[in-house]
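Beneath this line is the structure, given in structure tokens, with notes to follow.
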């Protein structure tokens, strides 16, 4: 069965996480699609540049105050109180009924 190569597989190839059983199909696809190969090589270069920039920072220990704040328990937000509906809608209905009653009695 000749399964088409997916974008997820191309990204896995870049990351070195492509399952070995799909490696041949992806390599064949890249041999036939040089634009995809150029794009993936650019992704690999970008990955290398990001690692060069940030790996030294990521290798440093986390400052104790930051580690403590990241692991400190959080207090739950206070639960909102019951919703109070305004008192005027029932009064408005009563006034409307009174007005209709008076208008009906006058007519």
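The first residue you see is number 1, and the count goes up from there.
Even glycines carry a Cβ here, placed using N, Cα and C.
Automatic, uncurated: that is what TrEMBL annotation is.
Because the structure is a prediction, the values reported are computed rather than measured.
Note on TrEMBL: of 66-85, 86-105, the range annotated with the feature region 'Disordered' is 66-85. Same-chain residues lying 6 or more positions outside the domain 'Putative zinc-finger' (8-31) and placing a CB less than 8 Å from one of its CB atoms are 2, 37, 40, 43-44, 47. When DSSP labels each residue, the domain 'Putative zinc-finger' (8-31) comes out as 20 helix, 0 strand, 4 coil, counted as helix, strand and coil in that order.
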